[in-house]
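Asker: Can you read through this structure? Questions will come right after.
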Amino acid sequence: MSIIELQQLTKTYGSARGIKNLSFRVEEGEIFGFIGPNGAGKSTTIRTLLGLIYPTSGSAKIFGKDILLHGQEIKKEIGYLPSEVFYYDNMKVKDLLHYSASFYKKDCTKRMNELAALLELDVNKKIDDLSLGNKKKVGIVQGLLHEPRLIILDEPTSGLDPLMQQRFFELLLEENKKGSTILFSSHILSEVQRLCHRVAIIKEGELVSLEKMSTLKANNYKRFKLEASTAVEESSFAIEGVTELVIRDKEVSFMYKGNLNAILRVIASIEIANLWIEEPDLEEIFMHYYEKEA
Amino acid sequence: MNMYKHELSAYRKSLFGWISALVGISILMMSMFPTFSKDAGAFVALLSNMPDAVLAAMGIHMETITSVLGFYGYIFVYILLGGAIQAMLLGTTILSKEVRDKTADFLLTKPVTRQAIVSSKLLAALTSLAVTNIIYMAAACLITALVSESAFSLKLLILATLPLFFVQLIFFATGLLVSVIWPKMRTVLPVSLGVVFAFFLIGALGATTGDDKLRLLTPFKYFDTSYIVEHSSYESLYLFITIAWVILATALSYIIYMKRDVHAV
């Protein structure tokens with residue numbers, strides 16, 4: 001069963017922001033990456049799923065239940081970590097965590113203490129006095145303490161130091177192993193690359209691409225860089241599949257998608273001094289998606 | 001229930017502040033009554049030199065000002081003003097605070113309905129107002145008994161003080177409605193003070209012109225102490241308006257809040 005299912009989900013605001021006819025599914029047990037630059041509609045999608053804002057048209061289901069009709073029931077099993085952390089004035093960390101736990105009809109104390117210990121969070125401090133990174137930890141603990149079936153993260157790592165980021169990712173992987181599905185929205189691609197099984201790329205509110213991480217990385221694109229012994233004609237690379245061609249003197253670089261034999265024949269016809277063929281990282285693929293259609 | 005408790009404890013500090021302020025004002029002003037009543041004749045002579053419009057605007061009724069209940073009615077205007085500010089602030093704050101402090105994301109992603117959120121907050125706010133009124137009522141009865149040299153009707157005093165709760169309900173509901181209609185309101189204090197003082201001034205103005213239409217516009221004049229003292233009851237039209245407005249504004253607030261998009265700030 002799909003954990004999340006979007007059908008033609010649309011949310012328009014007065015301005016240009018919003019999402020248009022977004023449809024995709026997140027399957028049980030997945031870590032699903034949701035990427036796009038700021039303002040692409042990631043948060044809009046997530047806020048719609050959580051019932052913070054209402055869709056203009058289309059529908060969405062979580063755990064097979066309609067988000068508008070069964071919001072309360074669905075949220076029992078969702079853990080949400082917003083990009084900006086909230087805090088109530090004058091509350092201690094443990095008061096907030098207990099308050100958060102009080103919404104779920106089960107005892108969360110044990111898990112809460114485990115998480116706080118793991119993230120080295122001092123629960124006796126006032127939230128007002130915490131640094132951004134520590135506030136973020138409060139957000140993580142309150143989002144995970146009820147051991148949710150679906151974890152929704154909206155750009156979760158800002159403010160965490162690299163060590164904590166590492167621990168947080170390990171925590172997510174652990175939760176995932178225990179069976180939680182994770183929707184991970186981010187514009188930091190290396191994070192997504194490390195964690196996610198599948199990735200949806202969203203641009204100006206529309207789905208640009210939805211692929212397995214492995215497909216996205218391995219099959220599609222290769223980055224070529226070569227150094228020729230003599231000057232190179234731009235026309236030699238005018239074959240299908242070559243993009244982002246840059247020729248600087250004897251140095252050539254480009255992205256290639258297609259039959260490798262075809263491009264190797266082109267390269268073979270040139271006297272080359274050096275050659276690199278690399279897997280592009282997600283960042284490059286991502287830029288590629290955006291530049292292509294810009 | 002957890003939200004109700006949380007809300008109550010969040011208001012605790014300001015609640016004690018407001019109660020102390022209201023009780024403080026009444027003690028301060030009522031303690032002047034013995035001096036006032038001793039020289040009542042001189043005061044009345046002095047006051048009668050003032051233009052009628054000024055007396056009306058200040059809520060002074062020559063016939064009753066020298067009795068302890070009449071005097072209480074005069075100072076009660078200011079208690080009402082304070083209570084109205086407290087209630088209006090509470091009304092504008094309870095829902096909009098969540099948005100400003102970004103805690104709306106926290107609350108609305110918990111397994112609760114928006115209806116339950118509004119109800120818990122309403123209940124907590126009503127509890128605060130009820131506590132304010134009970135304590136103030138007790139204090140008012142006590143201080144009046146202490147300063148009054150002659151006997152007075154406790155029933156009338158209670159009848160004259162109850163409007164504090166009614167007026168607070170009006171302003172609370174109004175504040176609630178304002179905050180859901182205008183969710184981007186950054187600062188609730190100037191808005192709340194502005195609205196309350198505007199109505200207060202309309203009331204003072206209405207009193208000088210004796211215009212009944214103006215009276216409809218200002219909740220401060222719905223429960224006239226001299227009328228209550230004279231008739232031992234409230235004017236049913238204004239009681240009805242109060243109930244109708246409180247129900248209407250609260251219902252509208254519920255509906256609007258249910259349907260509203262809560263945006264990231």
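Just so you know, glycine gets a Cβ as well, placed from its N, Cα and C.
Sharing the features that TrEMBL gives for it:
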type: TRANSMEM; residues: B:15-33; note: transmembrane segment
type: TRANSMEM; residues: B:72-95; note: transmembrane segment
type: TRANSMEM; residues: B:122-145; note: transmembrane segment
type: TRANSMEM; residues: B:157-181; note: transmembrane segment
type: TRANSMEM; residues: B:188-207; note: transmembrane segment
type: TRANSMEM; residues: B:237-257; note: transmembrane segment
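Could you place the listed features in the three-dimensional structure?
Answerer: Beyond the ends of the transmembrane segment (B:122-145), by six or more residues, the same chain brings 3-4, 7-8, 11, 15, 18-19, 22-23, 26-27, 30-31, 68, 72, 79, 83, 86-87, 90-91, 94, 152, 154, 157-158, 161-162, 164-165, 168-169, 172, 176, 250 to within a C-beta distance below 8 angstroms of the stretch.
Packing against the transmembrane segment (B:188-207) from elsewhere in the chain are residues 56-59, 81, 84-85, 88-89, 91-93, 96, 171, 174-175, 178-179, 214-215, 217-221: each is 6 or more residues past its ends and has a CB under 8 Å from a CB in it.
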Asker: When you scan the chain for residues with a C-beta under 8 Å from the transmembrane segment (B:157-181), skipping those not six or more beyond its ends, what do you find?
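Answerer: Residues 69, 72-73, 76, 79-80, 83-96, 122, 125-126, 129-130, 132-133, 136-137, 140-141, 144, 188, 191-192, 195-196, 219-220, 222-223, 225, 228-229, 232-234, 239, 242, 245-246, 249-250, 252-253, 256-257, 260.
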